[in-house]
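Lifted from Swiss-Prot, the feature list:
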COMPBIAS  B:7-18  compositional bias 'Basic and acidic residues'
COMPBIAS  B:30-41  compositional bias 'Basic and acidic residues'
COMPBIAS  B:64-75  compositional bias 'Acidic residues'
COMPBIAS  B:83-109  compositional bias 'Acidic residues'
COMPBIAS  B:110-121  compositional bias 'Basic and acidic residues'
COMPBIAS  B:122-142  compositional bias 'Acidic residues'
REGION    B:1-155  region 'Disordered'
REPEAT    B:421-462  repeat 'WD 1'
REPEAT    B:464-502  repeat 'WD 2'
REPEAT    B:539-581  repeat 'WD 3'
REPEAT    B:626-665  repeat 'WD 4'
REPEAT    B:669-708  repeat 'WD 5'
REPEAT    B:722-753  repeat 'WD 6'
Amino acid sequence: MDIDGEDVSRRLHVKFVTKLDSPFKVPVNSVAIPSNVTRLGLSSIVNSIIESENPEWKTEPFDFLIDGELIRMSLEEFLLAKGISAERTLEIEYIRAVTPRKEEEPSLHDDWVSAVNGSSPRFILTGCYDGLGRVWSSAGSCSHILEGHSGAISSVALVNSNDAETVTVATASKDRTLRLFKFDPAESVDSTTKVRAYKILRGHKASVQSVSAQKSGNMVCSSSWDCTINLWNTNESTSEGESVSVKKRKGNNQAEESQSEGEAVTSLVGHTQCVSSVVWPEHDVIYSSSWDHSVRRWDVETGKDSLNLFCGKALNTVDVGGESSALIAAGGSDPILRVWDPRKPGTSAPVFQFSSHSSWISACKWHKSSWFHLLSASYDGKIMLWDLRTAWPLSVIDTHNDKVLSADWWKGESVVSGGADSNLRISSGIAIS
Amino acid sequence: MTKRSKGANEDKLIETKSKNVSGKSQKQKKPVEAESLKEEDLLQASGTDSDYDGDSLPGSLNSDDFDSDFSDSEDDGTHEGTEDGDVEFSDDDDVLEHDGSIDNEDDDGSEHVGSDNNEEHGSDEDSERGEAVEESDSSEDEVPSRNTVGNVPLKWYEDEKHIGYDLTGKKITKKEKQDKLDSFLATIDDSKTWRKIYDEYNDEDVELTKEESKIVQRILKGEAPHADFDPYAPYVEWFKHDDAIHPLSSAPEPKRRFIPSKWEAKKVVKIVRAIRKGWIKFDKPEEEPNVYLLWGDDSTSDQKSKHLTYIPPPKLKLPGHDESYNPSLEYIPTEEEKASYELMFEEDRPKFIPTRFTSLRSIPAYENALKESFERCLDLYLCPRVRKKRINIDPESLKPKLPSRKDLRPYPNSCYLEYKGHTGAVTSISTDSSGEWIASGSTDGSVRMWEVETGRCLKVWQFDEAIMCVAWNPLSRLPVLAVAMGRDLFFLNTELGTDEEQEITKERLHSGNIPEPDASVAAIVTWLPDELYGGIKIRHFKSISSIDWHRKGDYLSTVMASGETRGVVLHQLSKQKTQRLPFKIRGLPVCTLFHPSLSYFFVATRKDVRVYNLLKPGEATKKLETGLREISSMAIHPGGDNLIVGSKEGKMCWFDMDLSSKPYKTLKNHPKDITNVAVHRSYPLFASCSEDSTAYVFHGMVYNDLNQNPLIVPLEILRGHSSKGGVLDCKFHPRQPWLFTAGADSIIKLYCH
């Protein structure tokens, strides 16, 4: 293969490598390609190479990495920008493009969908402004309705799914309470079952904004407009004597259920304004974001905040993930999604800033298994998938026609989202290796 | 004489030497002197007179001139050889004479008559000079003296044991004095004793060599010291003495050239006397030449004109191409253009229409010539011309120095959230104390409660009348919304807060036991139960225009714009009572305001704001003169010392009440009525909204230091509401630097930083 120096566009020697499995593999030969190709061109080249070997190949979009950085411009510009020599044979790694390939039917709710949780691969949890929580086993099929709240549900969390039969979930509501529900996701797929809370957690003085469960499932924490973060026990028993069991009679229903009430184990005080979001990623570490423009890390044992990141904007959401689950992503009252690395000493400046949204960011979630991927949902009605290796969004999901209030990953390959158009939307087929 | 040809410098050096005493110590100084002489010579070359020696101007030539002179004038070529020495001598002599005598103005020639007598002496000198030349040439065989004390009187060392110091600084001890007799005997014995000389300076005996003694003898005889010196050597004629075309005057400088003139001195004395007596006057004013630029521009000569107010008339416009008799085609208007001129007003119509003529001859007389020149004359003498005084000031420098907007962040600048749901213009908004909720009232008769974070409308209260005002109770534990519409004031329970708070709220709004109203207010208001939403409503006798809660959440003031003196009442929610103000209000009240921390009460009438003390009934404690035509709204800084007043002419006044009762600053920004003003509770921000559908955000920093005036910086113009109806209300978020604006387009917008 010789280089034609007089060619209109310069040619580059590249070698395509991948970590993908056999149908996606191409022979490890160096090929000469024009230097002005973009991602699309590279993708079509790889597709044609695969097709030449495998005639039944369906075209598949790919994304390309050079030295761990995604290509988002023409190859020539990329090399220039990064100062990579075009003389030697370039090694381009390709991965399947992170973009939803399938859009499931929307699942209509009665009111705005304010909370979505996809922690469990078996079902999707949603919270709604009509005060009901719903469990969706798949798109369009609601298996359980979690009832009891008198105000809009603001957040839902999966507490415990260890034992196969029953699953514990927690819901936070604007009626200042949290409720814990238990149900069996396997039963009654055909008809919708109504579930009542087995435990009501009272103690917040204002709307509860967010709830998150400990990994073990023994405790949940919740954040509220009263500027506190409360920690609660989730166990049903009242052996500690701290909670009083009350019998509640359901007005028109014959069923009589036992509902226990729980009080907060402890309160983490320190935020000066509404605590908008909490996550509990490790055993004794809680991260919280607040409208007082700070992200804090709390040590559960001591109840003190061990980290205080100042952001400058009121924050709506926070999540922890990425490389060794240490990066903090938060979004709030501006269109910028910020990612901090608290391990970096001496700086509180964000290490990444993603600013493709055009309105407030309502949710951000790290992918559970990937170090690089996270999603963000915004009031501009868009959900964006991000890769830390590029500043452009990998893909934009623009299925909602109103504000997106919440979004989450589901099963590692789907994005579930709920918004002000009262729909739960599932975008699936996202290939994240 | 060959030596002389070396150069005049050396010549002179020798001459000076010969005039002075010759001695060894003198000879040592020679090189230095030669140096200085050279410099002198250079000076002489540039024409300065020197009293040093005879050959004054110009340098080297002179002495030879003298030579030739003598040979010509006096001796007529005889004794050429001897004359040389003669000349040299007489030359010196001449100089001496010049220096010494003042009166003698005679020619040099007569002097030289007697010079022959001194011939012997002259030759003596000559011979000495020859020796000097010898010695100067062979300075290496000269023995340096061993004493180094220099030319000091030797008697200083008379009493010392040493005579001086040698080159290394060691003392030179005196020789032992010999007995006179012994020394005499020694001289008798010694045959060479006649040649010995005692050198006192070096304290040693010097024995002259034979050559030296011969030289001495020759000198004594008056001959040249060296035997081989031939005084009669043939004369080498270096310069020819024939008549040249341009003869150089060989006449010596007459004496009068060197002495000041007597007559001149007399003249000077006369002048000096005249000056002293004042006959001669200096500093006569120079007469200005009476000329001017005939063709110069009049405008530039204005400073010369005697009249201060003279202004040159404007110049006539010079004719251009279009006035030419044969202008280019593009100057000539087409027929349509000419037709369009006819449609124009006469004033706009062009005075002259370019036309083409084939030749100069065919140009007709200009019909307007007389008229125009007449008008020009009228212009010149009837039109007053006034000089415009223009000051050159950089407009930028007039701007006040304000800090950059960047440094004043955060402030609301971009709209991210909209609260949609109303169907009529949103007239009023109010945020609850935590900032979680916002309530709004609209002309469609609905009051809505929104969730700030998501823009979700949580509650709707529907009424029949257009809502005038909504106000959230400032207490967080009493989530009551006061809503004014028409003549009614409603207290609505928002059903927020904890259960206990709800109970208190319900109790407050319980309408079961409304007490009998006082007689004084019975005609103004009546407290009634509200059937619609189970609260309380207060019916007023006139329609309500504005309401304001006291900071403690118990009292509420309402303003009835047409109520005149009864226009402002205070309601107490806990006792469900109404009272009139304990003071009289002058003018029509527009809006009222409670002081944020003290018991003051602000009442804005149409033209000014009065401050009353609620605890001291009576006259107003202060009157703020706004200078505005019609006040529309008022807001107070949380510190309580600064008041902002918005007016219907688009002006906003900032009052610093510690400073003055006049506005500290008046901001004229809006082209239309200001509908509302707002001040942030914690951030140094204030805002105004107007019917021009914009809202302005300002930085309003109030300093604790009383000496420092508040800093007011305009920050941002918030646009976004549709142009019809404008923005009717604006409120700041209680904790975030965000601004809510309520538009007549039925949308509430939230502007974030």
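Just so you know, glycine gets a Cβ as well, placed from its N, Cα and C.
Only pairs six or more apart in sequence are counted, and the repeat 'WD 1' (B:421-462) with the repeat 'WD 6' (B:722-753) gives three or more Cβ pairs under 8 Å, enough to call it a contact. Within its own chain, the repeat 'WD 4' (B:626-665) is flanked in space by residues 590-591, 593, 595-598, 600, 602, 604-609, 611, 671-679, 681-682, 686, 688, 690, 692, 700, 702, 706, 709-710, 712, which lie at least six positions past its ends and keep a Cβ under 8 Å from the stretch. If one looks beyond the repeat 'WD 5' (B:669-708) by at least 6 residues along the same chain, the residues whose Cβ comes under 8 Å of a Cβ in the stretch are 408, 410-413, 632-639, 641-642, 644-652, 654, 658, 714-719, 721-732, 734-735, 737, 739, 741, 743-744, 751. When the repeat 'WD 1' (B:421-462) is classified with DSSP, helix, strand and coil residues number 0 helix, 25 strand, 17 coil. On the 0 to 100 pLDDT scale, the model's mean across the repeat 'WD 1' (B:421-462) is 88.
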